[in-house]
Amino acid sequence: MGTEAGDVDGRNHQRPGRGSSASSRHLHGVGGASAAEVNLSGRRPFAEKLWSDLAETFFPDDPFRGFGALPPARRAWCAVKYFVPALDWVPRYGLDKFKFDLLAGITIASLAIPQGISYARLANLPPIIGLYSSFVPPLMYAVFGSSNNLAVGTVAAASLLLASIIETEVAADENPQLYLQLFYTAAFFTGLFQTALGVFRLGLIVDFLSRSTITGFMGGTAMIIILQQFKGLLGMKHFTTKTDIISVLHSTYHYRHEWKWQSAVLGICFLLFLLSSKHLRKKLPKLFWVSAIAPFMVVVIGGVFAFLVKGDEHGIPIVGNLNKGINPLSIAQLTFQSRHMKTAVKAGLLSGILALAEGIAVGRSLAMVKNEQIDGNKEMIAFGIMNIAGSFTSCYLTTGPFSKSAVNFHAGCKTPMSNVVMSVCIMLVLLFLAPLFKYTPLVALSSIIVVAMIGLVKVKEFCHLYKVDKFDFCICMVAFLGVVFFTMVAGLSASVGLSVVRALLYVARPATCKLGNIAGSETFRDVKQYPQAKSIPGILVLQLGSPIYFVNAGYLRERILRWVEDEDNLCKSVGHDLQYLVLDLGGMTIALTNPRLEVTEKLVLSGYVRDILGDEWVFLTVKDAITACRYALQISRNKGEDEV
């Protein structure tokens, strides 16, 4: 039977009164107790109760409130605007906002070019795919997204996760065409999954990725991504496809004969430059744009240097040919063959959940700074639509990466129009400038990735979790160590599993505490937390910290009986007996305080109040219950004295 904890501070929640028996009136009216009583006559039809529960679960924000009073045409238009936010902000858009979005869009475009190429290389995809993925998806998000601050693009963690899953089915160097097709297909399934979550308002699934899980997973992923950049930093041609730290270090040492000192020296120079730009941003926040364009400068400077010295002939490998032209259609390349379907679906779902968690978390955190709100379910629909559209136009998974979104935010963006500006810039690059990036040194891309990943290893956050909550720290470390020493899927799955176990333990083994009265007030609090709170002689007041379900009913019964036994022994030691038990939750025996509507319905329908407890033992507040118990105790003592 599901119940919820009631009021513990004696506040009187007014509810409609009802007629009561003489006994009920006598107990409820003594000692100046409130004349209002708990309404035990209310009963809702099943359909009403079911709809109320579903609405509270899937529509807690009630997005369509107020629509009912509108005319049908107006109501339909408001519904369309809800799902297409651009219809709301575009009519009110003006030049005063565009000048900010223009600057922000150009700034994030300068970051999208090197990141797009770098993350595509990280996923073992052709570099041009990274640029394609920064063209179409941002346009789709500008139409359907609800965040004014989010900047759309590829992300390192999802890129590596996709590569690690798909490479178990097909190697990139053995069958590059099928490998690429599986990336498109995975993006398609990601889009379907994300759209379905948004439409059916199942965003609560993403909530199982707790902060500790994400922190550990992203930290572990950043570590292995940094280690994998040894290939680019050292100019190596061969490297392992595995992601665990043992395989990566072994591969780096095994192919040591391929190390190129030229790449290493150039890589150190790039790393120093990029790290210096980040340090400058911390010292002088107004110069954030320096660190924002630093990766693009590394690409340009590195490309010019490699062209002048013919780097590909002197130990500095380059990206290679990049064809001009915007995204070709790839809908015909989606593969739904049964032998590859499982891999594509697995890659799409896992990377989709990770992308949602990062994108929504980034959007909400930036919105809070501006005192704005975003709708998580609308964001899921927007992410889903842009990934479906991306899978049709030669793109792989995209979301709202923190680094690019933070740059967009600090550049002063006002609306999603900044994503449109970025897309236009990328389109111009694809049409006219793409071949110029063929000379980009791979070591430059590796340096960009390393510096971007350093910020994701949040040592301070690890220490904070250790101080605040050891269990959260364990969850974080399971994700971190699982990713580093095994696989990304293993680390993420183990951490989520541990989080679910913890949530189940909270329900199956809820905390109980004994309440005492704080002198000079009507407030009852935990006697361990407030040692000055005094117990009421002959009365035990308990509070249960969780709703009652079948999984914890047996435990709660045993725990309450143990409390009763301990309290009874304590009472006998001072010469009196334990007479009454008050449960401040709304669901067990002797006296109940402040039961919710769902609880009263079950109590009445089961006949518990009528046949076992009696409605005179159901109270609005703990104070009322204590007053009635004291009165009953006094009556009992008077009868005992009369008999003597």
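Backbone N, Cα and C define each Cβ position, glycine as well.
Lifted from TrEMBL, the feature list:
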type	residues	note
REGION	1-29	region 'Disordered'
TRANSMEM	150-166	transmembrane segment
TRANSMEM	178-200	transmembrane segment
TRANSMEM	212-230	transmembrane segment
TRANSMEM	259-275	transmembrane segment
TRANSMEM	287-309	transmembrane segment
TRANSMEM	348-368	transmembrane segment
TRANSMEM	380-399	transmembrane segment
TRANSMEM	420-437	transmembrane segment
TRANSMEM	443-459	transmembrane segment
TRANSMEM	471-492	transmembrane segment
DOMAIN	529-589	domain 'STAS'
Under 8 Å for C-beta pairs, could you tell me which stretch among 212-230, 287-309, 348-368, 420-437 has the largest tally with the transmembrane segment (178-200)?
348-368
If you count Cβ pairs under 8 Å, which stretch among 212-230, 420-437, 443-459 touches the transmembrane segment (259-275) the most?
443-459
DSSP says what for the domain 'STAS' (529-589): how many helix, strand, coil residues?
24 helix, 12 strand, 25 coil
Among the ranges 212-230, 287-309, 348-368, 443-459, the one whose Cβ pairs under 8 Å to the transmembrane segment (420-437) are most numerous:
287-309
Taking the transmembrane segment (287-309) as the reference, which of 348-368, 443-459, 471-492 gives the largest number of Cβ pairs under 8 angstroms?
443-459
Let me know the model's mean pLDDT on the domain 'STAS' (529-589).
82
